[in-house]
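Q: From TrEMBL, for reference:
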DOMAIN    4-307  domain 'FAD/NAD(P)-binding'
DISULFID  Cys41-Cys46  disulfide bond
BINDING   Lys50, Thr131, Gly132, Ser133, Asp298  FAD binding site
BINDING   Gly168, Gly169, Gly170, Pro171, Ile172, Gly173, Val174, Glu175, Glu191, Gly258  NAD(+) binding site
DOMAIN    333-439  domain 'Pyridine nucleotide-disulphide oxidoreductase dimerisation'
Amino acid sequence: MFTYDVAIIGAGAGGLNTAMEAASMGKKVVLVDKYKPGGECTWAGCIPSKALIQLADEIHTAKKYANIEVNGKQIMSKVRQLIKKAHQAEAVEQLQAAGIEYIQGDAKINDQHSIRVVDEIITAENIVIATGSRALIPSIKGIDQVNYLTNENVFQLEDLPKNLIVVGGGPIGVELTQAFQRLGVQVKLVEMADRILFREEKGLAHQLQSTLEEEGVQLYTSAKALEVKQANGTTTLTINRNDVLEHIEAEQILFALGRKPNIENIGLDDLGICYTNKGIEVNEYNETSVRNIYAVGDAVGPYLFSHMAGFQAKQAMRHAFLEMHTPIEQHPAWCTFTHPELARTGMTENEAREKFQDKFNVYTVSYSELDRAVVDQQTTGEAKIICDQDGFIIGASILGERACELLGELQLMKTFHIPFRKLKDTIHPYPSYSEILTQLSNVATE
Ligand SMILES: Cc1cc2nc3c(=O)[nH]c(=O)nc-3n(C[C@H](O)[C@H](O)[C@H](O)COP(=O)(O)OP(=O)(O)OC[C@H]3O[C@@H](n4cnc5c(N)ncnc54)[C@H](O)[C@@H]3O)c2cc1C
Ligand SMILES: NC(=O)c1ccc[n+]([C@@H]2O[C@H](COP(=O)([O-])OP(=O)(O)OC[C@H]3O[C@@H](n4cnc5c(N)ncnc54)[C@H](O)[C@@H]3O)[C@@H](O)[C@H]2O)c1
């Protein structure tokens, strides 16, 4: 017999959700992490970045009407206060109250039914790996000789720098670029693709790019970071932009160049658990190549988001503990929390073209056609829906105010296979941003 029904390594979004799901089924759960519960999302990801973005937004709005002096120390200290506040919901006492045992320590898999935490062996019927990911550090010349920022230390800054180079125009780079720029830091954003957020709808990413430039961000696209140096408090980055070498300078440099899964030294090889350099391989139930051992979250991918880690946790625990469980259909969705926000579910237009050639329909409505956006002076943006030939949503992207909340209704329709035309008969209050959905359905049924 085993001591626990499930032992979980890692108490980030993946591990916490796994523990809660199993505990809610009445299972005996042990959750292990090297640090306090919360993982990256709480300590160095979603929570601090969204706190910084919100503070920057308030300052940005206030600056339109008054001369505001930004107190960088106060801002950074407030971010850390908010981290602590968010952590309260997942503190050890809260976990214990939910019936979850928490152990702090470095863990690895021992065999199919046990893990080792330092010197202690813990047995469990099922094991879940939720060890997350870390910032990918580029092998650019000089990196070993300089101090640099990543998401892991940027929120620990005591004060705001005067200027900052951000390398990487993915969601981390773009969100932090706008937040710091709005707080008065002169940001230079370097991205090797020809635009920021290259996985998103091209036209919408371009509109967001223009907003960043209007707000004063110095943008270097088609620019690859090659070498970094530091002297006398100045960091110099050499970039290759369209085959021309340029040197750009700032007080600090932040790298946001993607992620690396935390899968070393946790016993995968000893047990023959399959993985690639992108993460642990799992089936549709998030079970690894070894029975009763599951993996969830950033250690698996490919969608590196807290809510996707939560979804995978549910999938794994239902498979482990419920009889006759079929996999829940997955509809990944996400949002980049810039202003305006960029929200997305399913395919982009280009992805639809690759899969369906011209056998799909695209409907768009601009925010400038929306009364609420006009009075709020928030007319930048567009909602774009892609439907298959039967009128079901296969993709949606919204750039604009409250885009992430607006996506919810479309996500529901996509998940439950509700034809898009049905939205036409759904009443949306006037004047709200949700009216853009009514307008879209009118366009689709014209
Ligand atoms: C700046 C930034 C902003 C982000 N914003 C968002 C957002 O707005 N929305 C969103 O959905 N996602 C966002 N993300 C992504 C999100 O943070 C991750 O997808 C999520 O945290 C992954 O959860 P996880 O549980 O897989 O891993 P993690 O949160 O990384 O947790 C893994 C845990 O495992 C522990 N661990 C690792 N190895 C061991 C071991 N051997 N023994 C014991 N413990 C171990 C670690 O200490 C850690 O606590 C953001 C990420 C960053 C960096
Ligand atoms: N709002 C959210 O949900 C949110 C926010 C932040 C992060 N995240 C998650 O974190 C993950 C990682 O984000 P990220 O932004 O670090 O990674 P990313 O992979 O999305 O973006 C990295 C960017 O760096 C560029 N790049 C790589 N090497 C370069 C070089 N040498 N010079 C210049 N540019 C270079 C790439 O072209 C790419 O655009 C995301 O995929 C997302 O899943 C989510």
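Each Cβ is built from the backbone N, Cα and C atoms, and glycine gets one as well.
Automated prediction, rather than curation, is the source of TrEMBL annotations.
Thinking about packing and proximity, how do these listed features fit into the structure?
A: In the structure as shown, the Cβ atom of Cys46 (disulfide bond) sits within 10 Å of 18 other Cβ atoms.
Ser133 (FAD binding site) falls within a strand segment according to DSSP.
Within its own chain, Glu191 (NAD(+) binding site) has Gly168, Gly169, Gly173, Phe198, Leu219, Tyr220, Thr221, Ser222, Ala223 as residues 6 or more apart in sequence whose C-beta sits under 8 angstroms from its own.
With DSSP states grouped into helix (H, G, I), strand (E, B) and coil, the domain 'Pyridine nucleotide-disulphide oxidoreductase dimerisation' (333-439) comes out at 40 helix, 32 strand, 35 coil.
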Q: Near ligand 2, which of the recorded positions show up if the criterion is a Cβ under 6 Å from one of its atoms? Options: Cys41, Cys46, Lys50, Thr131, Val174, Asp298.
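A: What lies within reach of ligand 2, judged by Cβ under 6 Å, is none of the recorded positions.
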Q: Work through the recorded positions one by one (Cys41, Cys46, Gly170, Val174) and name whichever has its CA nearest to the CA of Thr131 (FAD binding site).
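A: Going through Cys41, Cys46, Gly170, Val174 one by one, the Cα closest to that of Thr131 (FAD binding site) is Cys41.
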Q: For the recorded positions Cys41, Cys46, Gly168, Ile172, Asp298, which sit with their CB under 6 angstroms from an atom of ligand 1?
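A: Going through Cys41, Cys46, Gly168, Ile172, Asp298 in sequence order, those close to ligand 1 turn out to be Cys41, Cys46, Ile172, Asp298.
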Q: Going by Cα-Cα distance, which of the recorded positions (Cys41, Gly170, Val174) sits nearest to Ser133 (FAD binding site)?
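A: Checked the recorded positions Cys41, Gly170, Val174; minimum Cα distance to Ser133 (FAD binding site) goes to Cys41.
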